[in-house]
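A.B. asks: Shown below is the structure under consideration.
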Amino acid sequence: MATYTPMIQQYLKVKADYQDAFLFFRLGDFYEMFFQDAIKASQELEITLTSRDGGGEERIPMCGVPYHAAPSYIEQLILKGHKVAICEQTEDPKQAKGVVRREVVQLITPGTVMDGKGLHDKENNYIASITAFDTQIGLALSDLTTGENLVAICSNFDELLNEIYSVGAKEVVISRDFPDEWKKQLIDRCQATLSYEAETTISSDFEGILGELHDERLTCTFGRLLTYLQRTQKRSLDHLQKVKVYYLQDSMKIDLYSKRNLELTETIRSKGKKGSLLWLLDETKTAMGGRLLKQWVDKPLVDRTKIEARLTMVETFIANYFEREDLRTLLKEIYDLERLAGRVAFGNVNARDLVQLKKSLQQVPAIEELCRSLQNDVYLSERLDSCEDLSNLLEEAIVENPPLSIKEGNIMKDGFHTQLDQYRDASRNGKTWIAQLEQQERQKTGIKSLKIGYNRVFGYYIEVTRANLHLLQEGVYERKQTLTNAERFITPELKEKETLILEAEEKIVELEYQLFVDLREQVKQYIPRLQVLAKRLSELDVLQCFATVSENRHYCKPIFSKTTELFIKDGRHPVVEKVMDSQEYVPNDCYLNADRQMLLITGPNMSGKSTYMRQVALTAILAQIGCYVPASEAVLPIFDQIFTRIGAADDLISGQSTFMVEMLEAKNAIANATSQSLILFDEIGRGTSTYDGMALAQAIIEHIHEQIGAKTLFSTHYHELTILDGQLSSLNNIHVKAIEENGKVVFLHKIEEGPADKSYGIHVAELADLPKSLIKRAKEILSELEADKLLTETVEKKTVVKEDLLTDSQLSLFAEENPVPKKAPTLSKKEQAVIELLKSMNLLEMTPLDAMNELYQLQKKIK
Ligand code: ADP
């Protein structure tokens, strides 16, 4: 068998360590991919698949991308959840003996990208690692772009899944023996890319960032993440911040389903931010503020003191409109300090970034002054560190409009570095000399159009048009280049100056690059201070954002009740209200207390039941993140958890049916809710047959009422359930009012006490413009069914009477001493067949209409 060429052998050796990544193998100006990588990449990136001879028996599939265009291809692969290993030539091909040495210099993965479309300014990009212990699971999170590190202990896998989902971690690092079922859930539910790392010990270089981390389990989990980052990034991680331990019980628990249902950070339909609560709230002016806002929305607080501290600051900002507006203007000028710190550590900032940094820092004294005038003990007591020394340094060093490239000079200011100034003088003097030479030559020769120019190939030259050539003195000018209408010349003195200028320029570029690298190293020392400043500014940004939204949308400051009472006056759904804009949103009250824990909401479809339920939950969430709420008055308990079952979106990703999802969500609520929780169940039991669904709905209501005592809003179209009002002491009926006008239903969206008086399904179908003939037929069927129901009820009553009689007669039979055995009635074959058919009928799966038809057929058989 033929053996592969040395280059392909080298490729295969490197590839063996990066099985789960596309290996971008540098060959000259291209990154090439081979074998399976090439086949897959050509499909994913829609690039041409070719092949080459690699010494083996068959040609090797190959595809490649030009070196300079690689970032956009890498980005495409990362966005699809893949990993890319960058393999560079690590020695000069001219020096190499045999195959040029090549090594992987970085593994880019969804959780470790530092730039590109996968990153959003206002979203963190977390990578997670998990370690399972006996009963609990350690979780570590890191955002490489900002340097933030978090660790927590989850008490079970569901809790862990919720965390991963809510922070949106794109990649999860685990050990090889991680349970398969869990892996599947991470991929299906969180769309996470999985990576493996066995090593969990933390190298001594990183001891400084461990801070208060004493729990072995957390150290080990974080160690796994850190080792993975070191192994894949192979560069400075100096910007990693102190690890912060957080406790899940410090925030309101909202499970994965409920977060999705309530559309806190993205909508169910488009999966985008627009239309979500986060979208409504986002009046932040900085990217850092935007990220913190998302974190706060994801984790409402449960500690009253902390919530009230935020609310007080919001109140201060509302009361001081002008200061707030000034702050907003100043914040707008603040660059993303956290991500900048990350890029400084990674060594990929440019001079423009540093100018932005300087400009940001220059805003801080004014923000500080503004905060002093506002006085707030919690958020404004400490002074903001404007890193004045750093901003002065940058002011002295870098010009106002530097180029993007850091390798072409024109970055440093004059006067910053003596040697640089000298080179620049030489270069500038040379250029002035050349300008003067042009004048002298024109005078000497009398050629007005004579000019001195420069190009990379020929250097400086004197250009004379063909018509004027005879005016040049013989023997002085050396011909260099001939153009159609002109000739270009040089002179010995021009050549000499050229050498001086070019040498100076080369030195300038080299020195400027070196000075920039030194400056970058100096900025690195400020990373921890910049990170603290970033955190303080982002908090101020989110709090001013709450104040701005609250004032613009006329929200009120919530009060937290000492009892468990909830009272919302004129409550609105914040997002629906905003979207409706000019149209009038109808405000509604909600009242719950110890004797009124559950509300059973009836009313026609589309009347506003689910909007009403959501608005109660969103009001509680807004209050607990420290924002005002959409109501004219709100007294609220502090909820420990919110559970929802709203909407009937099939969970297509995990392939579960609507009904299964419904039941999973119900189970989740029932298993975890406490008396301090809020449960919203919208139309539960709808996904199965009528009796099944109604039975389940009632059993669920009874269970919550008797066993849990959570505040519950339960909407239903099963009218039959409204009788529970009389049976369960703290359940009350309410309904959304609708009226009929000229035979059509008009929704008033107004909540009133008591059950709704009828169902309006056909009217809604009419509103949806179903064909008139169909609507007419539905109305006929409805009246037939209603008539039949009446009939059945009468029959049932009669049957009961008959059964009573039978029971009596049986009693009397039993009383007899020698009872005569009752003779079984003899049935015809037809009758027996009908009985068998009756027995085999699955009533729970039939609509009343089907049942009627079947009965009719059966009756016909034996009549
Ligand atoms: P249901 O759950 O009863 O089927 P929804 O809550 O989905 O109804 O509401 C249907 C539509 O009615 C909403 O999309 C919204 O446009 C409108 N709506 C709901 N509540 C109100 C309200 N309070 N004021 C004005 N319009 C409302």
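The backbone N, Cα and C atoms fix where each Cβ goes, and this holds for glycine too.
Since we're looking at a predicted model, the values are computed, not measured.
Sharing the features that TrEMBL gives for it:
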type	residues	note
BINDING	Gly603, Pro604, Asn605, Met606, Ser607, Gly608, Lys609, Ser610	ATP binding site
DOMAIN	677-693	domain 'DNA mismatch repair proteins mutS family'
A.B. asks: For Gly608 (ATP binding site), which residues of its chain lie six or more apart in sequence with Cβ-Cβ distance below 8 Å?
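C.D. replies: For Gly608 (ATP binding site), the qualifying residues are Val586, Val736, Phe747, His749.
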A.B. asks: Give residue numbers and ranges for long-range contacts of the domain 'DNA mismatch repair proteins mutS family' (677-693): same chain, 6 or more residues beyond its ends, CB-CB under 8 A.
C.D. replies: 609-610, 613-614, 616-617, 620, 639-648, 657-659, 662, 666, 669, 700, 704, 708, 710-718, 843-847
A.B. asks: For the binding-site residues Asn605, Ser607, which one has its C-beta crowded by the most other C-beta atoms within 10 angstroms?
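C.D. replies: Result of the Cβ crowding comparison: Ser607.
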A.B. asks: The domain 'DNA mismatch repair proteins mutS family' (677-693): mean pLDDT?
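C.D. replies: Mean pLDDT, the domain 'DNA mismatch repair proteins mutS family' (677-693): 81.
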A.B. asks: Would you list, in sequence order, the residues of this chain other than Gly603, Pro604, Asn605, Met606, Ser607, Gly608, Lys609, Ser610 that have their CB within 8 A of the centroid of the site's CB atoms, where the site is the one recorded for ATP?
C.D. replies: Ser715, Val736, Ala738, Phe747
A.B. asks: Got a sec? Which of these binding-site residues, Gly603, Pro604, has the most Cβ atoms within 10 Å?
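C.D. replies: The most densely surrounded of these binding-site residues is Gly603.
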A.B. asks: Cβ distance under 8 Å to Lys609 (ATP binding site), same chain, sequence separation 6 or more: which residues?
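C.D. replies: Ile601, Thr602, Gly603, Asp682, Ser715, Val736 - these are the non-local Cβ neighbours of Lys609 (ATP binding site), listed in sequence order.
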A.B. asks: Find, for the listed binding-site residues Met606, Ser610, the residue with the lowest Cβ contact count at a 10 Å cut-off, counting only other Cβ atoms.
C.D. replies: Met606
A.B. asks: Look up Lys609 (ATP binding site) in the DSSP assignment and report helix, strand or coil.
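C.D. replies: DSSP assigns Lys609 (ATP binding site) to helix.
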